[in-house]
Amino acid sequence: MQTSPDMFINRELSWLRFNSRVLDQCSKNLPLLEKLKFIAIYCTNLDEFYMIRVAGLKQLFSAGVNASSSDEMTPLQQLKAIRKYLHQEKELLERYFNEITSELEKENLFIKHYENLDENLKQKCDEYFFSNIFPVIVPIAVDATHPFPHLNNLSFSLAVKICDKAHPELVKFGMIRIPRVLPRFYEVSANIYVPIESIVHQHAEEIFPGYKLLASAAFRVTRNADMVIEEEEADDFMMILEQGLKLRRKGAFVRLQIQKDADEQIVEFLNTHMKIFHKDVYEYSILLNLPSLWQIAGNKTFTHLLSPLYTPKTLPPFDENLSIFDAVEKEDILIIQPFESFDPVYKFIKEASKDPEVISIRMTLYRVEKNSNIVQALIDAASDGKQVTVMVELKARFDEENNLHWAKALENAGAHVIYGITGFKVHAKVSQVIRKQGDKLKFYMHLSTGNYNASSAKIYTDVSYFTSKAEFARDTTSFFHILSGFSKNRRLQTLSMSPNQIKEKVLEMIRIETSKKNEGVIVAKMNSLVDSDIIQALYEASMEGVQIDLIIRGICCLKPDEEYSKNIRVRSIIGKYLEHARVFYFKHSEPNYFISSADWMPRNLERRLELMTPIYDERSKAKLAQFLRLQLSDNVLAYELKNNGEYEKIPSSEKIIDSQQTLEEYVSKIYKTLKKDTDQSRATHLASKLFKEN
């Protein structure tokens, strides 16, 4: 099949539409502070998009690259399209923010500027300024003897235009850097938040004594944060990475956000020194630095403005009184997070660290929280003399410094730490525990779609799979040998790994379904679909009558509902949990269910070490089948992709189905039912039965 550029949706525009769906949550009937969270998430996503994707396009344009995507849009065309899209969407962001803050005021929760406070609260702000703000802010003069300062990525500042009180004709420009140690808002009372820049503006003349404030403008800068590391030339990768992190802080400016109606001379002053293209200047009529809205959304006094807090549940066959190794030895176990608890994953490593029969623990780490109980358990195990091998991916973007910290701590404890594979990121999520019982070695494995991160496990939907099967023991051992040693053979037998093998396997399974024509069925859930070879194979399958359902949260470059894709339906689910699981079903493959750490993107399939895990266990397959069926029935959180690249909400029917809420309710129902039953085998059977029925 011959493909053409118009058969693909542009990757960058598809991502922007994903982020628009995040912002669209503000239009739904959600608690107000939940809407505020979605604004914070939307703005955080946009920060990273500019730091990496827009910065990359600017570099391609500067290098004279003409085409960089399957749709053959040039870097310049993409940059123009991105700017147009975001300048239009900025108005929607402003509208949602104003609507939400107005509704919050009706609930007696306020964001107020200094000038709108009563005298008593102004005095409290004044006291706070002199005790907490004044000692740490940095006043900066810019003139012939004071060069324009270095501004950190995502730094928040106040630009000022001032004049000498004795000589008003002498106008000067400077800025007040607001350090990150200060909160975004001063909580002047239990229900009133004052933007920090509002207080700083009020006291600008005390910061620059002898000068009169003529104008000020809050602004925020975004820099290129992508790092290029010459791994081939690195003798000490950790040192090279630390140097790269320092250089990241000096990346080129790619965006300037500034308050609307700012003094023209201030805007010119900033543009002159930063050399930012005027289309990359975004003027806002609302507050800047909105990722910090989490500070308000976390207000414990207004919990009625938040969704009810759900507590993940641990279901049989896991039991707090039963060894996790005994449970996994009896059967394979699959859990769906965060509806089911992440605790068994932690217990798997914690128990291994304390078990005298355990001789080896191996694990990959990609994104780890700052205070990780899992890593602490690994440190304890290494300190006790167990053989601990940990692959810490130091190139995990924006987690590099945290991962460096843990890598050093693990090394100091005696663990064997692998920093990465030259030219690749290790994105696979796998751990292996080896126990010696008598003269036999027993293997226990955990394979997952998500990170070993207890914090993100509460808000990301992922699938975890525990097994002790010999074929998984063989392949995970081979995988860790590939990571720690020299190996030209990067192929496994039961598991599939990338680079190359996962893509080959996926294409092979698509071809099998294609050969079955109208009998073929493919259901695939992932974060993003970009790979043009896989998209082409899906088009060919569709033309042969294969029914294809894709559940893709983020980027989708496939264009549905065309002559070549009339049997392909694409939906995206956006809810309070971030859909992160990768689950694939191919009707005529054996086995026909798979979970993976990899999306169908070139970076995952060609430039990362990933794993795809076949699911043989019948109970686990039934659980995945119900999970996919539920998501395909969702008519609350789901959007459908049209052939013009736009997404439409799926209309609700008589039966309202919110897939995330439904899973919360049914896992809770199973948990409550099981708490009444003390018979372990009956409880396990009932859990499976209830999940399937529900």
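Just so you know, glycine gets a Cβ as well, placed from its N, Cα and C.
The record from Swiss-Prot ties ASN45, TYR460, ARG553 to ATP, and of the options HIS446, HIS481, HIS580 it ties HIS580 to that site too. The residues near the ATP site, meaning same-chain residues not in ASN45, TYR460, ARG553, HIS580 whose C-beta sits within 8 angstroms of the mean position of the site's C-beta atoms, are ASN527, GLY554, LEU578, GLU579, in sequence order.
Annotation note: ASN45 (ATP binding site) sits in a helical segment as assigned by DSSP. Comparing the recorded positions ARG367, HIS427 by how many other C-beta atoms lie within 10 angstroms of each C-beta, the top residue is HIS427. Checking each of the binding-site residues ASN45, TYR460, ARG553, HIS580 against HIS427 (active site, phosphohistidine intermediate) by C-alpha distance, the shortest gap belongs to HIS580. When secondary structure is read from DSSP and collapsed to three states, ARG367 (Mg(2+) binding site) falls in the coil class. In sequence order, THR449, GLY450, TYR460, THR461, ASP462, ASN527, ARG553 make up the list of same-chain residues 6 or more apart from HIS580 (ATP binding site) whose Cβ falls under 8 Å from its Cβ.
Counting every protein chain shown, 19 other Cβ atoms lie within 10 Å of the Cβ of TYR460 (ATP binding site).
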